[in-house]
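Here the structure comes first, spelled out in structure tokens, and everything after it is commentary.
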Amino acid sequence: MAPSHAVRCCQRGLSWIPVIFINLVVCWSYYAYVVELCIYTIPNVNEQVIYLVVFHAFFFMFMWSYWKTISSKPTNPSKEFCLPKAEKELYEKEERPEAQQDILKRVARELPIYTFTGSGAIRYCDRCQLIKPDRCHHCSTCDKCVLKMDHHCPWVNNCVGFSNYKFFVLFLAYSMLYCVYIAATVLQYFIKFWTNQLPDTHAKFHVLFLFFVAAMFFISILSLFSYHLWLVGKNRTTIEAFRAPVFRNGPDKNGFTLGFRKNITQVFGDQKKYWCLPIFSSLGDGYTFPTRLVTVDVEHGNIEHQTIKCTVDGQTNARPLSESQNHLLCNDEGQKDSSMAAIEVCQPVCVTLENES
């Protein structure tokens with residue numbers, strides 16, 4: 001027990017090395033730009049002031065978003081998703097996978113669970129001993145289940161998920177702007193030092209190296225930022241991009257796609273004034289998520305992904321799943337309610353549900 005605890009402590013200590021490295025590079029870049037470039041190299045005072053004001057604006061936003069990404073604790077599933085004591089004992093005693101799934105299905109009927117494993121089973125974490133909410137995954141590094149997990153990032157030593165994904169995207173954006181601003185403003189002095197138009201001073205090394213480092217980081221961050229912008233536009237996580245979520249009717253990589261504008265608001269919120277600020281404004285609670293509409297066949301309980309129209313008295317309406325009293329795991333009860341609704345209006349009714357995961 002003691003050796004494993006010691007190893008765990010060493011791993012936690014070593015996991016901060018990338019964060020320390022990034023902070024050392026940022027501290028050096030701050031010194032090189034403010035002191036060696038602006039104070040010792042740039043002769044014009046007005047140019048110094050303009051460079052410093054804009055630089056500190058980017059630096060502040062970059063550090064703010066970086067700190068929020070690091071410090072935001074990943075949200076974990078609530079006790080509601082843990083098995084009750086009686087069911088847990090039955091589950092642990094049962095050796096047959098089919099019987100274990102029956103136990104999980106009974107518990108999952110009361111939970112907003114709409115995604116499954118590749119084999120159609122309830123997603124259960126044996127490590128955390130809970131039923132995984134939709135889009136929730138277990139992080140082997142943090143040893144916890146994380147809501148809407150995207151990935152574990154060593155550069156922030158934290159899991160990127162529902163609680164801090166917006167901060168992570170902003171961190172990439174502002175770090176990219178920070179690098180491109182430094183490279184653009186340093187370029188003319190880089191050329192002057194390189195061509196010996198300026199005398200050799202202690203600032204020469206800092207200015208030359210600062211340009212190379214800023215350009216290198218900009219190029220590497222640009223590809224990662226572009227990829228995550230694409231993910232935001234598709235309303236996918238990195239995990240979902242590699243492994244499509246499985247709904248009742250099978251895998252669907254576009255299961256959570258709502259349209260470009262709505263996809264963006266899922267991450268950044270519906271108030272644009274907060275989009276550029278590392279302030280939490282993402283929509284939802286991390287447990288349930290709106291998805292494309294699905295049709296429930298009243299007669300057979302079949303579910304099909306498509307654009308749904310619910311026609312009652314000639315009117316077309318769409319009803320979100322959160323407003324429905326039926327879970328996808330409770331087909332019998334849902335079919336009864338839907339059938340009664342069809343009888344009352346004296347015509348076929350297509351019940352519309354918005355799948356949440």
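Placed from the backbone N, Cα and C atoms, the Cβ positions cover glycine too.
Cβ contacts within 10 Å of Cys153 (active site, S-palmitoyl cysteine intermediate), excluding its own Cβ and spanning all protein chains shown: 18. The active site, S-palmitoyl cysteine intermediate annotation in Swiss-Prot covers Cys153 and rests on sequence analysis.
Under the heading domain 'DHHC', Swiss-Prot lists 123-173.
For 1-14 (among others), the entry in Swiss-Prot reads topological domain 'Cytoplasmic'.
Residues of the same chain lying 6 or more positions beyond the ends of the topological domain 'Lumenal' (36-50) and with a Cβ under 8 Å from any Cβ of it are 185-186, 189, 198, 201-203, 206-207, 210. Feature annotation from Swiss-Prot assigns topological domain 'Lumenal' to 36-50 (among others); the stated evidence is similarity to another entry.
Note on the topological domain 'Cytoplasmic' (72-166): its mean pLDDT in the predicted model is 94. Positions annotated as topological domain 'Cytoplasmic' by Swiss-Prot: 72-166 (among others).
For 188-204 (among others), the entry in Swiss-Prot reads topological domain 'Lumenal', with the evidence type similarity to another entry. Residues 36-37, 40-42, 211 of the same chain lie 6+ residues outside the topological domain 'Lumenal' (188-204) yet bring a C-beta within less than 8 angstroms of a C-beta in it.
If you look up Swiss-Prot, you'll see 229-357 (among others) marked as topological domain 'Cytoplasmic'.
What Swiss-Prot lists as transmembrane segment is 15-35 (among others), and the listing cites similarity to another entry.
According to Swiss-Prot, the transmembrane segment annotation covers 51-71 (among others). Distant neighbours of the transmembrane segment (51-71): 19, 22, 26, 30, 33-34, 37-38, 42, 153, 156-158, 160, 164, 167-168, 170-171, 173-175, 177-178, 181-182, 185, 276, 278; these residues of the same chain sit at least 6 beyond its ends, with a Cβ under 8 Å from one of its Cβ atoms.
Taken from Swiss-Prot, the feature transmembrane segment covers 167-187 (among others).
Using a Cβ-Cβ cut-off under 8 Å and counting only residues 6 or more beyond its ends in the same chain, the transmembrane segment (205-228) has close neighbours at 25, 29, 31-33, 36-37, 41, 168-169, 172-173, 175-176, 179-180, 182-183, 186-187, 189-190, 193-194. The transmembrane segment feature in Swiss-Prot is assigned to 205-228 (among others); the stated evidence is similarity to another entry.
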